[in-house]
Structures are given as structure tokens and as C-alpha cells.
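See structure below.
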Amino acid sequence: MSGSKLGQLLEMRRSGLLAAFTPRASSRRIAQFGSRSLPLFNYTSFHAQRPSLDASGGLRRHQSNAPIVTQRPDILRQPDIRKSSATNIHVTISSIVGPGCLQQVRFLSSTTARRKEAKPEPAKKLRKPQKPQTELEKKQETALEEIHRGFERTEKASQAAKLNLSARLSKDAGGKRLGFREIWRLLKIARPEAKILSMALLCLLISSSITMSIPFSIGKILDIATHSSPEGGNELFGLTLPVFYSVLGGVLLLGAAANCGRIIILRIVGERIVARLRSKLFRRTFMQDAEFFDANRVGDLISRLSSDTIIVGKSITQNLSDGLRAAVSGVAGFGLMAFVSLKLSSILLLLIPPVSLGAFLYGRSIRNISRKIQKNLGSLTKIAEERLGNVKTSQSFAGEILEVHRYNRQTRRIFELGKRESLVSAAFFSTTGLMGNMTILSLLYVGGGMVQSGAISIGDLTSFLMYAAYAGSSMFGLSSFYSELMKGVGAASRLFELQDRHPTIPPTVGDKVVSARGAIRFKNLDFSYPTRPAVTVFKDLDFEIPQGSNVAIVGPSGGGKSTIASLLLRFYKPTRGQILIDGKDISSMNAKSLRRKIGVVAQEPVLFSGTIAENISYGKPHATRTEIIAAARKANCQFISDFPDGLDTHVGARGAQLSGGQKQRIAIARALIKNPDILILDEATSALDAESETLVNSALAALLRGNNTTISIAHRLSTIKRSDTIIVLSGDGHVAEQGSYQELSARPDGAFTKLMEWQMSSEGGAVQSVVRGPPSEKEELQQMLQEGEEDYGEYDDDSDAEPEKLVERDGVAEGASKEKYAVAAGIEASIATSKQQPSQEK
């Protein structure tokens, strides 16, 4: 190895490039050459002189006069070398670039691992303190960790890890204590229905009063039956028994009618409350800013709008009615029991404290479980919405079973929570039921003695027992009412959180925008996404777009091209700086009216379920049929004539019935029908073929020639060429260049020229001649690999024949040129091609 190459290797070790850019093909070749028989040399084998690190971090060689072993080294046959730790995958630099190292050990730490197995580790108390790591060892350890993880974590990744999720709604009220304030707020939801609910309350009082009169009447009838003869003139409340029975039947019919009216009123009121609540929350959700939707999942929002509203509506209608009914029955029952017998009533009062305590504990437990169930239902809805909305993607990767398992896991969680809720409910109601039965048994024991002593009659005891049953059921009803109320409070807390959230950019606050024509100026603008505040997208961004101009914004992926459109639409607020339209800051403008003056065609067009005409008129809801047809023609939507229903053709969910190009042209027509002052084309022609793109571009050029301003976020050269001005964004958040296509393309070392050359080379499928700077570290390493393989030909007698086999195994046609082979197969192919050519030719 020459001195210059040795210096390069040493420099690479010092810079930490210990295992970087290691082609897998080199690893495969180690196994191929390792298992191949090689001739014996009379001199010290070159492969035995492998470079390694000495204690000082330098390079030295191990001299060995032993004959070459013709079989694969033992270390390459160790099955568990790569499993012990991350350090086992650390590849030495000699296995990458050393010309004679292809039969040598690939893993640097394997020898150390085997030595540790051979020598037992001393006791912990006898272990010597480790020496502090040198700078080289720290770099090696860092390289090992990054190789094991697969990708090096950059500083930008560390910044992106610092998320700001202040806009995210809590999943389960975040442990917030819910008290009477939340209960009162829940009940206030029914305030608009107060008059109708008062009618339901009147019906409830009527039906409950009639129900509570039945035990008293039965008791009196039993007394008459046991103490009087049939021949006597028996009367009850001044009425004969036949008349009394007739009156009692009419009263019972009245109670049934009142109960029916109560149920109908409460059901209707409940549905009205749920509908109004959903409408209000849906409006509130749509008024939120982009930061809110970045931090929250759509599935959770759908769950809040669907299942949570149902629970809240039931809690303040049907459950409230049942609670009032139980309260009325309980109060009336205890009053009538006290009227019949105070002694027996005192026995029943002993049941109240334990039942009340149990109801409180039960309600609190049910409330917590209910919140968890609602949270998991939101996750389940999210899974269903995302997976079913992208079912073709799942099917293309044969992921149906995976998604079914994912859905089943979530349903299993909900099932476990439901089972837990059932166990808690069973324990509470079985315990309270047992206590109630024991109380009835005690009442029978004491009441039977009182009947024998003549303290009360058999009719009074019967009435008391029936009132006791009503009172006991009312207590259970109140406990159930409390638990259901806590469920409603838990669901309402999720709704209140959404209702109380105010957007950072109110869409209806500010000056109404009459016209958005004028120069657009981004002035000293800094921006970071609210959910990733540590990642700077723009830093001191400053440029101006003249009125009526056609501007193309280009730049690397992730450079913030689409972010410019989001800022102009006021989806986000700049961290610093201003965005001016005709000299006026858009932060003082009404966001809703501003967006009406801006037309947007996104890179991935979004169509809604409905007809083609409905999707085009979405940009102008009251557009006439003539305007819809004109916009469709300008966007080159002649394909509509091929559909039997024409403009009335249903596009399906998300436009599933149309092709990508057809959806894109409908989206363009939707933007054109607004006749916007500013048109933003975010890769708008990316889904079109060359012919359609030409027609659409000519239509756009004819339409927007004048006072309209067009901002094209583009990567296609055809779109860039037709622009008046090109703004080139750099990767660090500022404008790298700005000018016309002729001006920027005339700069051979400019950012635009390099970007276009890279774009053309990647689209053309071959590396084109571009203006290149000094070679990168990866290119230097590739060159060293090629030089190493050429040097190996001096020591390998079979170097002329073996490469042909390697080329065939890699699937590359014989006689392929070195340039095409390098582009097609990468570093591995480059090595093989270098071996085909003698070093003297190079």
C-alpha cells in the first residue's frame, strides 16, 4: 500500500469514518474469496499483513509467515457474532479498502468478544476502574451506535424530537378532578329545552304520584277484606268497592298516559340536544387552525363528535328523567312509610348510609372506566378511518391481516375495560341487592310481631312493604343515575375541552379583504412549525413577488416550498417578520375573506363524495352551470364527455372513480372558477401527462395574464421555464437565488444550475456532465475501493477470470461499460468493473 493511501486511511480513522459507506457487496465478497482456494506464496502473504490499530491509535501490520489457509476463517463461521451486542457489527476500515484483506476478519470487536468468553469476568469488587475513553474511541463507539440503529441521528432530528403538543386535546381529561361545576355545566346544555322539559317533569310528577298511591289503596282493600263480611256495605274513601275499582282503573290509565308523554318528550329533546351539540362542536372544530389538526388525530375528533355526544345527550335527558323519578319515588315512599309506621321506617333508614357510600365509590370508578373506554373508542375510530380510507395501500402491501390484528387488539382493550365495568357493576348491585333483601326480611320479622300485637294491621304492613320496595328501587335508581351522570360528565369533559379551545388564528377576526391584488412581500420572516418549534424552517426569509407575475419557487425537498403557501393562506403565524400584500400585513386581515381571494391546487388533489359539478362548484357554491362548464374547459376537463352522466357523474369517496390526472384537472377547475387574485399551484401538474400538462399550462397562461399573481411550487422544467421569476430556496431557510430562467441558468456555479443538473440527471436515468466541486468523502472512499481492487490483481492469479462470475451473479450484462455499470449497480459494480480492466490501462 502506498504512503498516500496509508495517510488517507489514517485520516479516515481520525475523522470517525470507521464504518461509513460500507457496501454490502464487499461483505459478500469476503465470503466468496474466503471460501475459495488460493495458491501459496513463498513470501509473507499480503493478506496476513492486515492493518490494525495499536494502543496509540496508529496503524501497524501483523507479520505472519504461516501458509495461507484455504478454508473460510473460523470467525466468519461464528453463528452468534452479530447477536451479542451492537459492537459486533463494527466493520474495520481494512475490510473496506485494504487490497489484501478480503479473506480477513470482518468485525473488529469479534476477537474481543471471544476473549471475554474465554476469560471469566472477575468479581465486581475486584474490577479495575476503566480508563477514560480517548477521542478516537468515542468516535468509534458513536459510529457503532449509528450503524446498529441504521441511520445517523443528525442535529435536526434532535431538534425535531422536541415537540410542542400544547394544541393536542387530552385523551382522558388528564386526571382532572371533575366536581359539581362540571356537573352543573353539563346540565346547562339542556337550558334551551327548559320549557319542554318542564312538561316532561309535570308528566313525571303525575305518573309517580299515581304509582305511589297504589300501595296505600291495596292496604285499605286488604283491611276491608279481612275485617268485614261480604254482606256489609263496605266503602273506601266514601265509594263502594265497584266504584272505587273503576276510579282506580281510570287513574292508572292517566298515569300510563303521563308516563308515555314523558318518554316521548325526553326522547325528542335528547335527539335535539345531541344534534345541536354535534353541530356546534363540528363548527367549533372547523374553526380551529392548522396547529390544532397537526397535533390531534381525526379519529379522536370523530369519536368526540359521535359517541361522546350520544352519552352526553342520554345523560341529561333519559338519565336525568330516571333520576328525578327515583328521587320523587324515594321522597314520597319514605314519607308514606313514616306515616304508616315510624318504628319500621327507622329500620329502613339503617340501609341508607352504606348504600350511599357504595354508590359514591361505584360512580367514581365508573366515571374513570368510562373515560378510558371513550379514549379507546376514539383510537378505534381512528384506526378504522385511516385504514379503510387507505385500503388500497394496505392491500398493495398484503397488509390485510396485519390491519385486522391491529383493529382486534384495540377492540380487545375496549372489551377488557367493558368487562371491568361489568365486574364493578355486578359487585355493587349484588351487594346492594343483598342488603335490600336482608332489610325486607328484617321488616317482615319486626312487622309480623307488630301485627300479632295489634300495633298495625295486615293492610298497613303490606302497604309499608310495598313502599319499602319502591324506596329501595329508588335508591338503586339514584345510584345508577349517579353512575350514568358521571359517564356523561366524563364524556362532556372531552367535549368542553374542544369547545373551550380558541384558535391562534381566528378565521373571522380582522379587516375584510376586498382585493388581494398587489405585490406580495415576505419581509425578514422566521418560521418554525408550532409542533416542532426547535426546527427552523425559514430564517430571515426576504423576497418580493410583483403583482400579476408568474413566479416559480424551487428548492430541495424539505426546503419549505409548500410552507410558503401555508403562510400566505394564514394557516400558521410567522415566528418573526411580516407577509405583506400591497403593503398591508396579512395578520390584520380576515383570514376567511383572504382565502376567498386565493385559489389553491395542491400536489395531491382532494375531491369530496358527490358529482363532478359539485366538486368544481365547491370553489364558488352559487356558480351557474355555464360557469362550471367554462371552468372545466379551461382546465382541459374534456374527459367529462366520456362519462354517461357528464358533470353529474359521481366521483366516489375521495375521487376514487377518477384517475390521478382527472382529479388534478378537476381541482384546477375548482380553483379557476373562483377567479382568484392569487393562484397557488403546489406541484399542480405533477399528475398530468405531457399533453394534458401543455394544454393546462396554456390555459393557465391565457387566463392569468394580467393582474392575477401565480405562485408555482414546481420541480418540472416546463413549469419553471414559463415563469417570469424563479425563487430558489436553500436548505437553511433563506433565498439562495432569484431571477429569470435565463439569468439563473447562465450561472454555472449557482444554486439553480446545480439543482436543475441534479434534477435532469435523476430524471434522465444517467449521470450527465454537471459542474462539480471537490469530491465528497463518499466519492473518495469509492475511489479508494477501486484502487484497492486493482492492487489485489497483482497478488491474485485468478483475477482475470473471477470478476466475470461476479458480474453474472450481480445480473449485469457482459461488456457493459464502466460508466453505465457504476450508475446501475453502485459501488459493488464499480469494484467489479475496475477489476475487469488492467491497472496498466487506468
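Backbone N, Cα and C define each Cβ position, glycine as well.
A TrEMBL annotation is a machine prediction, not a hand-curated record.
Residues or ranges marked as compositional bias 'Basic and acidic residues' by TrEMBL: 114-124, 802-817. Annotated compositional bias 'Acidic residues' per TrEMBL: 787-801, in sequence order. Residues or ranges marked as domain 'ABC transmembrane type-1' in TrEMBL: 200-487. Feature annotation from TrEMBL assigns domain 'ABC transporter' to 520-757. Sequence annotations record features per position, and here TrEMBL assigns region 'Disordered' to 111-138, 765-817. If you look up TrEMBL, you'll see 196-216, 236-258, 323-340, 346-363, 422-444 marked as transmembrane segment.
In this model, the domain 'ABC transporter' (520-757) carries an average pLDDT of 83. Residues 344, 347-348, 350-351, 354-355, 358-359, 362, 365-366, 369, 464-465, 468-469, 472, 475-476, 479, 483 of the same chain, all 6+ positions outside the transmembrane segment (422-444), place their C-beta atoms under 8 angstroms from a C-beta of that stretch. Counting only same-chain residues 6+ beyond the ends of the transmembrane segment (323-340), those with a CB under 8 A from a CB of the stretch are 201, 204-205, 208-209, 211-212, 215-216, 219, 348, 456, 460, 463-464, 467-468, 470-471, 473-478, 481-482, 485. Residues 334, 337, 424-425, 428, 431-432, 435-436, 439, 442-443, 446, 468, 471-472, 475, 478-479, 482-483, 485-486 of the same chain sit 6 or more residues outside the transmembrane segment (346-363) yet have a Cβ under 8 Å from a Cβ within it.
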